[in-house]
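**Student:** Here it is, the structure, as structure tokens.
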Amino acid sequence: MQALSHDLVAQVAASAYSAACVVAFSLALLRLRPPALRTAACLAASAALCLGQPLIYASPTQPAAIGLASLCAMTTWSLWGLLLLPRRQLPQSIMGIFWACFMDGMDGCRAVHARRLARRQTAAHAADPATHAPHADAAAAASAASACPVPSAPSDEGAGAGATAAAEVGPKQRSRGRQLVHVEALPAGTSCPVQHAEHGDGSLPPTPAADSADTGGSDTPAPALLPAAWTLCRLVITYDVGFAALCCGGLFGCMCSAAPLDTLLSAPQRLGPLAQIFGPRAAYVAWALAAGTLLPLQMGIAYALTRLALIAAARWGAPLLTPAKRRELADLARQLPPEVFDTPLASLSISEFWAERWHQFLRHHFQAGLGHRIVDAAARPAIDRLLPPGAAVPAARRAALAVAGTAVAFTMSGLMHEYLSWAAWGEVSGRYMAFFGLHGLAVVAEGLGTRLAPKLAARVPTLLRRAYVVGFAAAVSPLFVETYRRHGYFGACAYHPLLAPVTATLLRRGGWCAAGCGLA
């Protein structure tokens with residue numbers, strides 16, 4: 001209980017400090033007139049946000065330390081994006097800046113939801129043209145996806161096609177892009193694939209006419225609350241049971257302990273039945289893949305909680321929110337996917353893994369924010385010299401811009417995760433740069449293979465494609481999870497108000513899991 005109280009106090013203090021830094025940045029951005037002074041003050045506030053927040057944690061091994069550091073990093077990128085905008089396009093209040101930072105993460109989720117729905121409609125139409133012909137034509141779905149103002153090309157923690165679309169947008173168009181995203185997110189009459197979603201978890205937005213008919217023209221009905229609440233509960237239970245199975249089920253033995261890797265692999269008798277059958281290294285790779293699948297559930301839970309809060313505010317926020325704001329929240333909740341992850345290991349390629357099935361919180365930063373500026377400043381001049389815009393090689397130019405955008409996106413992702421490792425444990429190991437670098441190379445290789453041999457790529461069996469994705473994920477997963485394991489993230493009893501692994505805690509107290517291995 002004392003550890004839990006200490007952690008709660010640290011979280012409140014770190015959250016308050018982070019909010020104060022964002023307020024300081026906002027005041028400097030809105031009030032200071034000299035450009036040099038404004039830029040210096042904003043950069044100082046963002047540096048304080050990223051560098052000072054981890055110092056508040058006396059024992060930064062809690063999941064909340066990594067979560068807050070991640071939020072600080074993404075907020076900093078959003079703030080830098082605002083700093084690059086002309087003053088006339090900036091939000092007019094501090095709350096507007098907070099909302100713009102929040103929307104930077106949500107815009108990518110809305111865009112990928114439209115892409116997922118278009119993909120499913122195309123697959124349903126291919127499977128049963130007679131049933132799905134009225135609304136599932138592949139060309140119509142693709143054109144509807146492109147009609148959404150949110151950039152439709154893939155991105156997140158790296159995507160080649162997304163970087164291509166980003167790099168092809170001109171500077172003037174990009175300067176207006178954020179305003180379009182935040183002010184005119186989905187204009188009336190836009191035919192977006194989200195409008196054709198199936199009923200269920202509130203993913204089907206009614207037409208403007210239906211809105212006024214159902215609600216008297218005042219409020220837009222929010223998505224159903226109970227399905228959203230059940231999604232949150234299911235994710236928490238899955239995380240809880242998965243944590244228990246990973247570290248307390250006996251299958252992987254003492255893999256969750258914080259022992260040095262050499263010591264761990266030299267004691268196969270303590271690593272469970274998989275190590276006895278397949279060897280300790282193969283068992284460790286299998287454990288790393290399972291752990292890498294479990295860790296993102298924390299982000300999925302946080303997203304589900306955010307969406308549930310949006311729905312609740314849209315439905316019951318009348319005393320505090322205006323009807324227009326409630327309609328805005330309802331529209332946003334309805335355009336967001338019920339879950340931020342879409343079974344990533346079922347992908348048919350690494351590009352699909354990152355572009356359509358992984359979370360898209362960083363999409364805006366790669367397509368319209370800092371990533372674009374880096375491509376413009378570093379890669380585009382060299383590409384313009386080698387392949388001028390008027391040259392008769394548009395495909396080669398697009399491919400070069402795609403490679404540059406992919407490299408920038410995965411480099412930014414690697415740097416961000418290295419920062420998270422430093423914020424939580426004070427370590428910069430280079431593992432995350434290697435992890436995202438290998439994924440970036442895989443995305444580039446897939447793009448080149450598809451361009452050079454499209455017919456051969458189309459004939460690769462689905463089973464072989466999925467085996468390739470799972471095998472690649474298993475091969476690189478140790479790079480991602482080893483830092484977590486070595487610092488006791490899995491073996492320690494890491495309490496968190498929302499993500500407390502109750503089952504694992506009970507089993508650990510009974511002496512049934514890796515905490516009693518004696519390897520640490």
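Cβ atoms here come from the backbone N, Cα and C positions, even for glycine.
TrEMBL labels come from automatic prediction, so no person has curated them.
In case it's useful when we look at the structure, here is the feature table from TrEMBL:
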| type | residues | note |
| --- | --- | --- |
| TRANSMEM | 12-30 | transmembrane segment |
| TRANSMEM | 37-58 | transmembrane segment |
| TRANSMEM | 64-85 | transmembrane segment |
| REGION | 151-176 | region 'Disordered' |
| COMPBIAS | 151-167 | compositional bias 'Low complexity' |
| REGION | 192-218 | region 'Disordered' |
| TRANSMEM | 241-261 | transmembrane segment |
| TRANSMEM | 281-305 | transmembrane segment |
| DOMAIN | 338-436 | domain 'Wax synthase' |
**Student:** Go through the chain and flag residues at least 6 beyond the ends of the transmembrane segment (64-85) whose CB is under 8 A from any CB in it; none is fine as an answer.
**Tutor:** 7, 10-11, 14-15, 18, 22, 25, 29, 39, 42, 45-46, 49-50, 53-54, 57, 91, 97, 100-101, 104-105, 175, 178, 298, 302, 361-362, 364-365, 368-370, 373, 416, 419-420, 423-424, 496
**Student:** Restricting attention to the domain 'Wax synthase' (338-436), give the mean pLDDT.
**Tutor:** 86
**Student:** When DSSP states are grouped into helix, strand and coil, how many residues of the domain 'Wax synthase' (338-436) land in each?
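**Tutor:** The domain 'Wax synthase' (338-436) comes out at 71 helix, 0 strand, 28 coil.
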**Student:** Do any residues, 6 or more residues outside the transmembrane segment (12-30), come within under 8 Å Cβ-to-Cβ of it, and if so which ones?
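**Tutor:** Non-local partners: 38, 41-42, 45-46, 48-49, 52-53, 56-57, 64-65, 68, 71-72, 75, 79, 82-83, 90, 92-94, 97-98, 101.
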